[in-house]
Structures are given as C-alpha cells and as structure tokens.
Amino acid sequence: MRRLAARGAAGDAGEVVAPAADGWDSAQARSPSPWRLIGLCAIWDTGVFLPSAAWNGVSSGVERRRLNEAKKVSRRMPLSPRISHPPRKQSLESSYIFYTLSQGGWEMLSSVQEIQLKRFEVTRPRGLGNKERGRVPRMARQPAPPWVHAAFLFCLLGLGGAIEIPMDLTQPPTITKQSVKDHIVDPRDNILIECEAKGNPAPSFHWTRNSRFFNIAKDPRVSMRRRSGTLVIDFRSGGRPEEYEGEYQCFARNKFGTALSNRIRLQVSKSPLWPKENLDPVVVQEGAPLTLQCNPPPGLPSPVIFWMSSSMEPIAQDKRVSQGHNGDLYFSNVMLQDMQTDYSCNARFHFTHTIQQKNPFTLKVLTNHPYNDSSLRNHPDMYSARGVAERTPSFMYPQGTASSQMVLRGMDLLLECIASGVPTPDIAWYKKGGDLPSDKAKFENFNKALRITNVSEEDSGEYFCLASNKMGSIRHTISVRVKAAPYWLDEPKNLILAPGEDGRLVCRANGNPKPTVQWMVNGEPLQSAPPNPNREVAGDTIIFRDTQISSRAVYQCNTSNEHGYLLANAFVSVLDVPPRMLSPRNQLIRVILYNRTRLDCPFFGSPIPTLRWFKNGQGSNLDGGNYHVYENGSLEIKMIRKEDQGIYTCVATNILGKAENQVRLEVKDPTRIYRMPEDQVAKRGTTVQLECRVKHDPSLKLTVSWLKDDEPLYIGNRMKREDDSLTIFGVAERDQGSYTCVASTELDQDLAKAYLTVLADQATPTNRLAALPKGRPDRPRDLELTDLAERSVRLTWIPGDDNNSPITDYVVQFEEDQFQPGVWHDHSKYPGSVNSAVLRLSPYVNYQFRVIAINEVGSSHPSLPSERYRTSGAPPESNPGDVKGEGTRKNNMEITWTPMNATSAFGPNLRYIVKWRRRETREAWNNVTVWGSRYVVGQTPVYVPYEIRVQAENDFGKGPEPESVIGYSGEDYPRAAPTEVKVRVMNSTAISLQWNRVYSDTVQGQLREYRAYYWRESSLLKNLWVSQKRQQASFPGDRLRGVVSRLFPYSNYKLEMVVVNGRGDGPRSETKEFTTPEGVPSAPRRFRVRQPNLETINLEWDHPEHPNGIMLGYTLKYVAFNGTKVGKQIVENFSPNQTKFTVQRTDPVSRYRFTLSARTQVGSGEAVTEESPAPPNEATPTAAYTNNQADIATQGWFIGLMCAIALLVLILLIVCFIKRSRGGKYPVREKKDVPLGPEDPKEEDGSFDYSDEDNKPLQGSQTSLDGTIKQQESDDSLVDYGEGGEGQFNEDGSFIGQYTVKKDKDETEGNESSEATSPVNAIYSLA
C-alpha cells in the first residue's frame, strides 16, 4: 500500500487577522511603512514568511500548484525511517505563502507556493495530536534550496538593519533609483536616464555631463520629469542620439545636503553592417583541421554569433565540429560529408533585434575515397576505412603550450581548448595543485570549454586542458590571474545622532589592486569644504564628536582602482525626537501550537530608544528561557505553548519620553487528519468510499476538499462528498488515480493521499456506445434570448454532439462590459436534459452569455457568445457599511464609510447623502451629497456626540432609509489636573498613589487614563550619579488609585500626575516628593573564577551596579563537589571594599561551586553563581567511582600486567619482521604504476613478488611499517585491490583494508593456500 500524508500550516507562526469585537486593530489591510524592513516576520528552517490573513483568497488560486509537488517528490524519493519533527529554526507555516517587501508593501514571490510539499516527515511525534495511530507517514523536511536561505537571510536583516528616518521628519536627500553605470540605449527610442531621490524637504535636481554643468533649459530635446531628476531626451522632432553620448551624474539637493548618483556612462547601441566580400571555396584535404573565421562587425553590445547554412538550417555541432567562444567554426578533422552544406556566420544584435548574415563559405574536400558511403559513418574505424591517416592531437585554439588569462572577481571565467587530430580528440580539464571547484565549474561545448562562475581569489592558479586520442595526448597550460574591482567591506550607512552625541562613518573596501578612498561632502571634496571642529578624518573613517544641528550633511565615499569604482552616499542627521511606534496598534495574531514566532515592534527615536517587552501587564521584562529579544527589540518565542497566549506590550524609551504598543497572541490547535484514506482496488461499476476524518481547533473554520492526480476534483453526479468521506458510485476506469484529502483552516492544513486502482471489466460490450470511443462534447450553438424582462431573460441553445458520452450538465456564464469587460463569470448550472433556462439578472448590467456542456469525459469548448442584453437600472437596495464619525482635530468630525461595490450600485452616478446632527439638542439634520468615501464636518464643539446617517443614491433614486450611528467630534487637551495626590511608600521599590478624579467637563474628550510621571532626583548614597530620566506609569480608566513599581531603593523621587485623553496629556499636578527606603543590592558584577594551578583558585568581582543602600559587605558560599557527591558548604564574609579572594584547594580532583552576594542592612541581594574550571583530563564520574581508582596506576599487579602485554606485543612484532625479511610473497602487483593485465608474470601459486626495484634505496631494506603506499602517477584505483570493493580510508586519509590483487574465480579456488598475509595487515589485526 502506498500512502502519503503531508502537513502544512498557513499561519503556524502568525497570522494577522481582522479586528476583534473588543477593538483590537488589524495590520492586514495596511501596507507596512516604507521604513519598516521586516514587520511580523517568522522563520522556519525552510523559508521566510509574512503572516497573512489572505490565505483563503490565495489558496483557491494556488491550491493546485501547492499540492502538485507531492506526487513528484514521492515518486523520486522513498520515505526513510527518520523522525523529523521540528527542531525548528524560526517558523510561520508549512503551507507557505512567501513574500518580499517593496516600497509599497509586501508582494508574493512567484512560483514559491509549490515549495511547501517538497519535504516529508515520516513519524508524527507522540503527544502532538495523533493518539489513534501511533505512526503515520508525514512529510519530512529536507535541506532547503539556496533561494530559501536567501529569503531566510532577508528576514534576518530586520533583526539588525539600519534605522531609517520617517518621511515626516526633516532629512537630507537619499538617492533611491538611478540608471546603471554603463547605460546602453536603443538609438530608435527616446533616451531615459533615471535619477530619483527622497528627502524632506523634497530635493531639487541638476546634472553634469562629462564633469561640466548640463544646462537642460538650453536644449529643447531634453526635459526632466516632474518631482524627479530623471532625464528624458526626445528625438521625435529629429536629432542624433550619438550627440548625447558621455558621462552623466545626477545631484539631488535640499537645504540639509546634496546626494550624488553614480557616474552614468551613456552609450548608443551600434549594429554595423557586415563588410561585403567574395569568398572563394575553401579547399581542404579530408582529415585535415579547418577553421572558418567569422570576424563579426564590432557592435555595442557585442552580437550573439551562430552558424547556419544559406538555407537557414542550423549547423549540427558535436565534438568534431563546434563553434568557439570567438565565433569561429572549428573542424577537428574534415570529412567528406562536410561538403553537403555551406556555412554562414550570423550575428544577432540585441537592441535592434536584427540578424546579419555573412556570405557563406563553401568547402571542397579532397579525398582518397570519393564515394560518400553513409555506411562508413558508423564503422568502428571510420577513418581507416576512408583512407584517412591517423595523427596525434594538436591545439587549434589557443596556440602553443601555455597562455595566461585575467578575470575580475565575481565574473565568470571561461577557459577554452579546441584541438585537432584523427580520431577526434577528447578534452579533459585539470587544475594544478588542487581540484576543480565542483560547485562552480561546468563544462560546455562538448568539454572544450570550462566555465567557473562567480570567480574568487582562490580560483587563481594554473589550469591545463589535456587533448588525447589513441595516437597520443598534448596539454595546454593556462595561468589564471584574478583581479578585483572595488567591493565593500564596510559600506557607509546613514548616521542619525542626537545633539551632543558622537558617531562615525566608515568606508572600507577591498580590491586588487588595493583601491584608494576619497571623501566628499555634499558633492565637493572634503578638503575644500568649510572646516568643522567636530569632524575628524582618519583614512577610511570620519569621526564626529559632540555633533550639533549644523553638522547635518551628505557625505560621499568614492573608492576606486583601475578596474572600477564604488560610490556611496551616507548622510549625517542630527535629531531630537521622542520614541514613536511605526506599526499599527493593538494587532491580533493567531499562531499554531508548538511553532516558533517573532513579534516585531518597529519604532523610531533619537537618541535611539531601548525597547522592552512585557506580558499581560507584568512587571518583569521578557528575555531568556522561551523568549529571546534581538538587538532591534524584536521578541522571539522559541516554541509556542498554550500558556504563551496573552497580551504582549513593547515599550520604547529614550531620554525624551516613552511609546508603547500591544499585540494580542492567540494559540490554536493544529489541524490533523487522524483517519486517512486507504489505497483501494475496486472493480468497475462498484462503489468506493474514501475516509478522511479530521481534528481541528473549534474556533477555526474547517474546509475539506479533494484532489485527483493533484488537480481539483470535479464532483459530478456519481460522487458524493461529505465532511469525513468521499463516495464514488459506479466506478469507471477514468476514476483510477491518486486522491488527496486536503483539510485546511485559516492558519494551517493537513494532507493525506491514497491510490484507487480500477480493475477492467473483460465482458463483451452490451451496447453500441460502449464499444465506441468517447470524447468531450461539442460546443453548444445558436444561443437565443427570449422573454426579455427587467430582472430575467430566457436563454435557449442547441446542444452539440455528445461524442458517445451523454451530456450531464450545462454551465451558463456571463460577461458584462462596464466594470470587468472580457471576464466571464459562472451564472448558473442546469441538468444535461434541458436546453433552455430562465436566468435571473441584476439591474443596470449589459449582459452577454455563453454555455459550456459537460459529460463524463470533460467539458466542451464554450459556445459562441449570445447577443447583449442590458437590464434597466433601479435605486440601490442597500447602504454603505462601517459608518464612523471621529474627530481629527479639536473642532471637526470626519465621517467615513466603506464604499459600495459596482454590483450594488444598480445605476449610474452612485453617490452618498451624508446627514448629521447634535445628539443632545435634537436639532435639524444637516446633509451633503458626497461622491467619495469621507466627509469632514467643521466648526464643531469639543467632543460632543453626533447622530450620523449615510444613504446611497443613484440616478434612479435613493436607497433604503439608513440607521443612525453615533460619532464624536474632536478632542482637546484636558484642562484640569488630578488633585489631592497622596503618596504612600509600600516598600523599597514600590509606592501606592491616591488622587481625586477630575470633573468630566474638564476632560474634553474620552478619558483614557491617569498617568504618573516620576523621576529619580538623587540617591541617598554620596557621590553616586543617577539618571534623572523621566518615567511614567499608566492607570487606564476612571481610577482613583494605583501602584508604581520598579523604583530604585534608597533614593529621592519626584512625581507629577496628569489626565490623558485621545488628544494627549493635560496640565500637571503639584509635584510630590518621596524617598524610598534601603533595599537589598543587585548582584555583584563580573564574577570571575580562575584556577592558575591545582592548589589555588582565585576569585575576583566588581561592586554591584545598584547598591540600593549602604553596603555592609559580601557573603561567599562555596562547596566542593565530584559528580553526585557534594561536600560541606563553607561561608566567608568580606568587607564592602574587598573584591578578591583566594581559595586553597584541599582536594585536587573535586570542583568547586561558588555563590557570591552583596548585603545591606536589609539583607543579602541577588546572588551570582560560578563553578571552577574542570580539569583537562576529567572523566565523567560514574556510580562506581571510588577514591582507590585514582591510584590504580601505582598498584603492583597493574604494573606487572602491563609489562606482560608489552612483552607479548614485542614478540609478535619480531615474528613479523623475521617472516618479512625472508622474502615472503604477497598478493600485490609487481609494479604499482603498471596496470594489471593477463600478461603479468605470475608465480606458480598465482601470487606476485613484492619487490619494487625502482624504489629500493638499499638492498635488503624493508618497506615502511606504517602501511603507506604511494601512487606514482597511476590511474589505477586502490579499490581494485580491495576485497569486494570494501577498502576504506581512515580519518587521516590513509588506506585501510587488504591490499590484494583481483583474481578470476578459477584462480581463486585453485590457489587459496598461496595468499600470504601482509605484515601491514598483521599489525592492523593486532591493533
């Protein structure tokens, strides 16, 4: 039975879903901000994915492609008994949607949906949902293809990418788009040189040509695109494009600096004509080499060369006749059949799409065998049969025995060797001193060319090609030198600093020769720029100290050598910006159990804020254990569990303030098929049922669908699909194939496959139709519309021929020409017994219909379309939804709604009547007609409720009366502060607050929270510097008390209270001062344990970062341990100034565990624990460990036993030496560098003398006992001398195994006693 199950999870590690009822927002409908590199990105070991709520929409279109690979992979890769449940790298899903981030948002990668089934899992891990079946075939993960690793790296860029400035803040220009450095254009088209940049304010542009200012205004053909620096040169009114060739450079400037593009070399494509020439016939002797030169005209870019006959037939090429890289056609030896055609070189030019043909060559072959007998072509010795003399190879290209070639790093290296000879030589490639790079090297042109892609420095060296035939061989050596144009080691990045901060720009590049570095500022050499005392240039680094607003500029780094240059722009921007969140607020993310996910919290601020994560409002920062926080603040949850569900808050803080955002995480159970369809064999005409029972998370919507042969299954009259099974009635031969059950939810899916085999019925056909071939029906014809009415029409058609298979269904489709012209939609479906139907229609649609017939073989082609019929219009039958009223300013209210789609318009000129009035006053309705989807009401009081109605209307009338929706005008800042603020100290790190509420009319908006701002004024410890950074604590809702925690003990604090609404903070309350009592200190810093020798252990530590009171000293506890045995704990107390201690070891074998803590009057603080280093030869202790075993080497009986063993080994070695010195015969070739053949001399016993006279330094000397056997230029494989090919190599590369000769079966059976034992093998057997 062949069975396969594949599991997927379209959102295992996260899907952003629609807003929930409690007001949580969604990021699904919004594109990520342009400065956001990675949003909610999750990673598995197979790819990078964006959580997407659009899975259902995508899956319908790609479901067939996603599942198409399962069958292919299952056929070519048998399932192996390997458990492959995720040791997951980072994950999102296993039914995968891959995306990439562009300026406008995320885009799905092409042809990626098919990847998710290219992995198998053999065993489902126990405890993950399959209790009914212990072992189920699953899809096991395989190593991902290279592009997946690339996508994986792309996602990881978000973990450490450079921070970009939001576009609403002022910033210098940045080049965002430019033409390539070598810009070749088509002379028939207008010239376009691209240059686009961003900045705030928007930059202006100007150009230079050949390093001189290019005055665009003086040339009527040249213009610049609006809001861009792109040049357009128009030749519609005449002109020569060649006049504009040169080197162009774009400058983008605003008041904060100037950015430069690359120097763009503009060249016009050229396709010159072939020179006219008369070519005489080429006379050549049969068997001689021949080169037909192409010499194409020089084009820009170089043309593509190919050879054809004058009748446009391609020239057949093989290892005898082939085209070289230079375009010439080479004949290794000419044969008589080469005269049967002529040879013309063709050049195809890329831009003009033209092909130019050279006058053809004709050949005249002189031969000793004038008859071109085709039977000789397959003769085993064709050349001798035709009287052609055989000769050794010689090189046609390149000439001589050696040549050299230079290639640039990152380019492709192409080495070519074309040889003549009879018979045609074979070409082989080698590299001196090493192997060819197998991952980059490939052979082309019948092994005559070697291409090495993406060349690097290690590819330099000497390569040689070996041309050989049965007459001999020759070689040509090519010395390859790898140079390099400049490439980045450290490309300068934009520098964003706060006033007074330090920073640096680094520009490091490498190349061969070493490139030089030149710095510029705003397009001018740095040497000619005004002096800046805060700036220092140190070679490839610019250092900024105590930067100020005046330091803003754009710096350029130009690094160049003789092979090219690199130009990079990097601006220095000095900003003072409090933290802000860049992602949508309050996102809801649903994930699948046991997956890995990462929550991203993009933010911006200057100075760069620090970011912390909290869960469910808890005070402890999330980092460590199942959580990991990356440098950019992203939170990774390594394996999702049920208890990980909750609300996660990220808080970004810098010295200017704080910002926070929340994400709600929901954990869902995975979807599992616990009873899969089984392979079945059925007779034709019987009934078959395929089971598919599924378990899934009840909060997710389950969809079960079926595929046949990896294509969507059409459920006809003979099939019945239920939630847990598929039934096929009257099975026929066409039902044979694979059936896949697909159980999917919004977040994941599971697959199971079975194969149905149908046994053919051997009975004689009982009717005429059964004996005739069946086919798809012909298309219906002669469509006619009758009974025309406002909302209906009758469609009649004439059926086509059913082609021996009765028509079962008709599908009626329609197309309209107003909203989606040319797109056909299914309208209705009818039984195959009817040919007329009444169709229900919608108002104001210009219909056209067609009909498709279906039988058991398949569907017909669509019929020709009917005539058009336009229904009359009508008033709308519904109104727009999602009506809201919210203030964007304190004196307005913006009314928004979701516009109606085209099918709901019911008539032309769809518009909306917007009405509003104050709720309390019940005044008359205000109204206005709007064609868009928003309207702003101005001059409103601050935060008052309004009744809002939005009604649809078209030219035929109004829609139904809408219901009222309550909206509010804009909020203003609160006018009052909390009063009677009372502070009570609870402990050394927390206080309780109590205050009186403010009057509701002073809030001037919706009361969001009361907020406490507090800062640490000073410490009660003298000379201890403290940060006076302002912090805040929020108390949502109309509350009268709260608790502020995470305070520093033994400190003086100040506190103020404010009221917060949707607009912001109100005035601050009276400042309160309080003092926190003494607390326990933090852990000592940098606790170090060193062991200089076996007698002492040195301990060192630093004072705690936060003493939190008056330090009384340190407490050290340490204990010796050895395996499971633990000694008595020792306690040492030290003075507060002591930071070193030395422990004298009493036991040289045991290790020590040290626990150190600081203490104040309140008590001991957090402890830090370290262990002494393990001895180098420490073995893993066992339960049978005793102290006596440590001294076993000193026992007398042990010493005697070792001496006896040594004596026995010495005796055996002496015996081996004696036997070897007597000239024993061993089954080894007489000479290793001579191939073993039947003519080799043998002794009578079938063995060979092991006496290599060529390598004997002295007569009677012995072969080395290490068993090393040198292969001296031998082509023989050592495997040939092993028994049954079982020879092996050990870790250092030496050969292990019997070094014996291969024998025929008869020889082996007759000479079994003649095989002498090798002394080398004897030594190995002793080991």
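Cβ coordinates come from backbone N, Cα and C, glycine included.
These come from TrEMBL:
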- 173-269: domain 'Ig-like' (DOMAIN)
- 275-362: domain 'Ig-like' (DOMAIN)
- 393-481: domain 'Ig-like' (DOMAIN)
- 486-573: domain 'Ig-like' (DOMAIN)
- 578-666: domain 'Ig-like' (DOMAIN)
- 670-752: domain 'Ig-like' (DOMAIN)
- 779-874: domain 'Fibronectin type-III' (DOMAIN)
- 862-888: region 'Disordered' (REGION)
- 879-972: domain 'Fibronectin type-III' (DOMAIN)
- 977-1079: domain 'Fibronectin type-III' (DOMAIN)
- 1064-1083: region 'Disordered' (REGION)
- 1065-1075: compositional bias 'Basic and acidic residues' (COMPBIAS)
- 1083-1179: domain 'Fibronectin type-III' (DOMAIN)
- 1162-1183: region 'Disordered' (REGION)
- 1228-1327: region 'Disordered' (REGION)
- 1241-1252: compositional bias 'Acidic residues' (COMPBIAS)
- 1258-1271: compositional bias 'Polar residues' (COMPBIAS)
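Between the domain 'Ig-like' (173-269) and the domain 'Fibronectin type-III' (1083-1179) there are fewer than 3 Cβ pairs closer than 8 Å, counting only pairs 6 or more residues apart in sequence, which means the two stretches are not in contact. This prediction places the mean pLDDT of the domain 'Fibronectin type-III' (1083-1179) at 89. Applying DSSP to the region 'Disordered' (862-888) sorts its residues as follows: 0 helix, 8 strand, 19 coil.
Look at the domain 'Ig-like' (578-666): DSSP puts its residues at 3 helix, 49 strand, 37 coil. Here the domain 'Ig-like' (670-752) has, by DSSP, the following mix of helix, strand and coil residues: 3 helix, 43 strand, 37 coil.
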